[in-house]
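Have a look at the structure below, then the notes.
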Amino acid sequence: MARVSGILQAALVAAAAVSPVTAAEGGFASGRTRLTTPASDAASGRYIVELQDSTGPSTRQDSSVGDSIVGQISSLGYEATVKEDFSAISGRFKGVSVEIANDDSSGVVDDIKSLPGVANAWPVQPITLDVSFEVTPGTKKWNPHIATRVSELHDRNITGAGQRVCVVDSGVDVSHPALVGKIAGGKNLFEENSTALTDCAGHGTFVSSIIAASNQDFAGVAPDSEIYMYKVFGCEDGTSNDMVLKGMLAADSDDCDIISVSIGSNTGYVNSVLSRVASEIAQDRLIIIAAGNSGAMGPYFASSPAAGRGVVSVGSVEAAQTLGWPATIVSSGGQSLNISYVTSDGNKFNSTIDVPIVLDKGDSCNIAGSGLDSTAVLAKRGVCEPAGSYSSIASAGFGYGILYDSYNQGAYYMADVVAWSDTLKLMAVTTASVGDWAAEQIAKNYTLHLKIQADAQPAAFAAEVPSAGQLSTFTSWGPTYENDFSPIISAPGGVVYGAFPDGKFAISSGTSFATPYISGVAALWYAHAKKDRAEFVRRLTSTALALPAFESIDGKILDEVASLAQQGAGLVDAAKLFDFTTVLLSEPTLSLNDTDNRVNTHTIRIQNTGLEEVTYNISHIAASTVSSRNSLLYPNTYYPPLISAAGSLAEGKTIIVAAGATQDIEITLSAPDVAPDSGALWSGKILLAGSNDELLAVPYIGIEASTYNWTALHHGPESYRYDDTDGILYPLDYQGKAYHPADGDSPETYFAFRYGTYEFSVDLVGIDWKTEQFAYPPQHGSGSKAWLGSVRSQPLADGGYMDFPMREVVRFNLGSYVTFRSFANGTAIPSGRYRIFTRSLRMFGDASKPEDWQLFLSDPFSIQLGSDPIPGQNATWTSSLPSSTAAMTTTATAVPTTSSVPTTTAPISVPGTTTTLTATATPTGLEGAFTSLKLQRLKEDTAFVIDPAAWMELHIQISMPSPVAADSVLTFAVPAEITDIAEGYQLSASGAHAGDTSFDSVTRLYTIALGEWTTWNKNMIGDFFLMCRFTPEFAASMKQGTYVVQFPTVGKIWEAPVYYTAVNRSVIYERLSTAPYDGTSLYTAEVEVPASLGPWDFVRLTTSHSADSDGFVCVNSSVVIGETLDAENRIESFIDVTASATEVCNVKNFRAMYNETLTGDDVLRFTVGSIQGNRDQWTLNVVYLLDVQLANGTLVLYDQRTLEFEKNPRLRSFNFNAFSGERA
């Protein structure tokens, strides 16, 4: 990682210190990350051009529209051809997409806009599919329709018969068994002169099946509806926004009632071309669009075209079901057990088997037995990754593996299992009770058989994972940059099933698949109620079920109602949508906007379509208020912190609405009691509870911030000279060296976008140009007082480049840099003195007003083109101008650590008695070779011992000045109180065999048998460490004091003092212990924080096994307050606060926080129990982070502390060169 300049470093420190996000999330990068185009992906050379007079539907235009615009563009000197003529497709949008062969100017868009009759222009943007599929053979029963109550409509024969849904996607497999007869037709818009709807990606087939699939085991939302496909992809994963535009316009032109679009990009602006056109289509048709899969980015990351106004933007909910399959285990004792099992990817095991099944003594990660491929094994599910279980079972030779659940991991799909074995035909998970039953049968000496029928019916059951039925992590958060409500609804889209080409099925996740679910619900409504777009949307949002705030990483519900910026109105409730007689007639959602544009008072209109009058009680429920941004105004990423404040309704009301009557209700909402610039994103629902048992709801959202002042840049982009010889970023004009952009040498300009901006540019200006001169659009000039032009980047990794300005940029928190090669029109930058001018247009800003822009100038610097001299400067010119930055190398920061104790070279006095441990064995062999035998703490040069049961090291030093015959021995005696001393190791000297170690536990002699190397070397030095420890019995009996451990050798008794002292309660204390547990070993780590480190506001410990194969045991993990200490300062009595302090505990993650201060000698102890995934590993590591938030505002971080459990005694790893010497 590069070292950074003082100012850049200060930005990083500020970002880390004042916000709950990391430095990288809070501003510029902590390393050098080149911008690759996340901000403005563009398909080079292609543009969408909108012509004037295109508002509202009209007749289709002829091809002269394309010819005319091409002629005008060509008159500007560009070589243009029409790629798509949208005017010939639909009267909704008059325009074309064009390709310009000589696209070498950043001003192409502005040039096109300047042409007579042109309304707007946009670069064409590539769009890729960001989903993956786990493909499975065969069919399966999948019914996600219970939670959404679609199943109730199916029972009432509401199935969408006769309704067509138009799908804009990648094509469809028209011959798929689940879709036979369901594809009414379609258009191949991607390939000229082709009508084939072939789906190479599988995306469109999957989407279509969610809407209309119908066969024995799989039913779509509207199984009797039909699909009309608009294919806008080729046989690649990507397409472009002009193709998506073409698809939407074609569906619109064909008078589709319902248009389903599971495609989009992260340009979440209401006036992006796709959003704009979607908004217009939504005035007449129901257009349903995926909200996006960028939930990790947090609030304000809407996508296009889902940001369109009036569209139905759809978020995702995780499936509430697990698809299981039946099997039977039969005991020779006459009993049998019917079980349900879950395969790794949900696929059905399509074979009939009746095979022996054995109960293994290990677990799935450590299969103890072996078997044949005609045998099954039943094993406890271990804590390793599923791939580890697969390998263990396959390597043991079994043909079938059934894992019964353990440690509350849940009977659920096992992701990322790659089947590589030809013999292991099935690996599946079942419930923990199966293991208990099998153990009872085996205890009675019965044998077991596993039976599976190929034609067995599936058995879906409630998913045993915390995320089941909750909002998906990946679902994108709104609102839009313009504060519009998005998404507006959610549906099942996480871990769902669908059809895949070639007769297959697949599992996948994404808002791509929640979208067709809503399209299917729409098909039910249109087919069986009425074709009314506006009423459908109002019913959809007003009857939805609000879901809780669920943090999927920790698997924890945070609040009763999740922010509507994440879930929209909530999970679709299809039965209420049909059945409610109370109908909303006003807007389906309320956008309260920001503090500059706040609209607190709204009128809600309802109609009672029932036969009797209804009394309505009007109230309010607040959703979670989230902190949308940190103190530097960078959006908080998933999951944004909650704020304990909420909006409120001015007053509740009761109204009576007669049968058939309508009623207007004026409501006024008040913002939460927070600062108006806090960034609090608040939302909720106005509730109308009717005496007819109907609860109608109107969702709303608002933000406590000024969008205009929430600028894209939190300060000016920073430009530096990067020196690749020392990795340091220097001031821009460091040492007066000129840059050579044409040869790849350019300043690095760092920036990040914390919010949207309609336009951002990196330009070059003369050194005397002032920001006060800026006018839009900028006018090209020459000289030191002129705007000289926008730049083109140095070549990117894919060989392309990036031209400025960027428009409708995608925000990103991670600071990145750009370098430039030329002006954006391809012209080389001549020798001269320049400044970098960066500009960003505010949201809601008017480009023609300079005050609506953020404008920044860099320090001056020089550019040299080839050998051309820099005007006014000598070749050896150096700068005398002041610089705004200064080079700075980083310095190490002190990190708090656990207790440190002095090293010892001779006995010292400590409290307590002195005890000598003697050895009675008589050593043999060479005399005088040992120069030191010393005990110390493991990997620490100190004889002070705090935990007498812990591993120690015996540090052995040897000196042999003259060659020694091979097979000579060095021995020393070991006291009976020392055990588990490392032995059986070969000692080396630069790889040569210097000797072997052994220990006789009967005679208590430790022997080093010398090898051939000692015969031809002199001045030999041995220096190595052997692990050992006190016996458990002796360790338990030890009291404070000095223990002198004697190691007799030939001619001398070496004494190694060990100082057993009380725990130092002025620092953090760590203790490790190991004990038998559940057929394996439990590794317990204790971290104790004394009250003397306070007073504090909270102490939090976080640790994870997500990066390794080990796991936590929650029942053996705790948080306690030690109230009394014994003479050795160890906790003697305590108060258990585990329940209140533990925030997360599962197999892979543990986090606990105690937020009360302690006093006196109290001690806060975190205890974390772990077990190994792979029991063959010699070590188990617990890496933890400890945060102590002191009451004075200081946050003390104990980061990346590693506690290492050693299972077996050994030499230190670097003892490969235990001996050294000279050739004799």
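Every residue, even glycine, has its Cβ placed from backbone N, Cα and C.
Lifted from TrEMBL, the feature list:
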type	residues	note
SIGNAL	1-23	signal peptide
DOMAIN	160-544	domain 'Peptidase S8/S53'
ACT_SITE	Asp169	active site, charge relay system
ACT_SITE	His203	active site, charge relay system
ACT_SITE	Ser512	active site, charge relay system
DOMAIN	591-700	domain 'C5a peptidase/Subtilisin-like protease SBT2-like Fn3-like'
REGION	893-920	region 'Disordered'
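The two recorded residues Asp169 (active site, charge relay system) and His203 (active site, charge relay system) have their Cα atoms spaced 7 Å from each other. Secondary structure from DSSP puts Asp169 (active site, charge relay system) in a beta strand. On the backbone, the CA of Ser512 (active site, charge relay system) and the CA of His203 (active site, charge relay system) stand 9 Å apart. Counting neighbouring Cβ atoms within 10 Å of each of the active-site residues (Asp169, His203, Ser512), the lowest count belongs to His203. The DSSP breakdown of the domain 'C5a peptidase/Subtilisin-like protease SBT2-like Fn3-like' (591-700), given as helix, strand and coil counts, is 0 helix, 60 strand, 50 coil. If you take every residue in the domain 'C5a peptidase/Subtilisin-like protease SBT2-like Fn3-like' (591-700) and average the pLDDT, you get 95.
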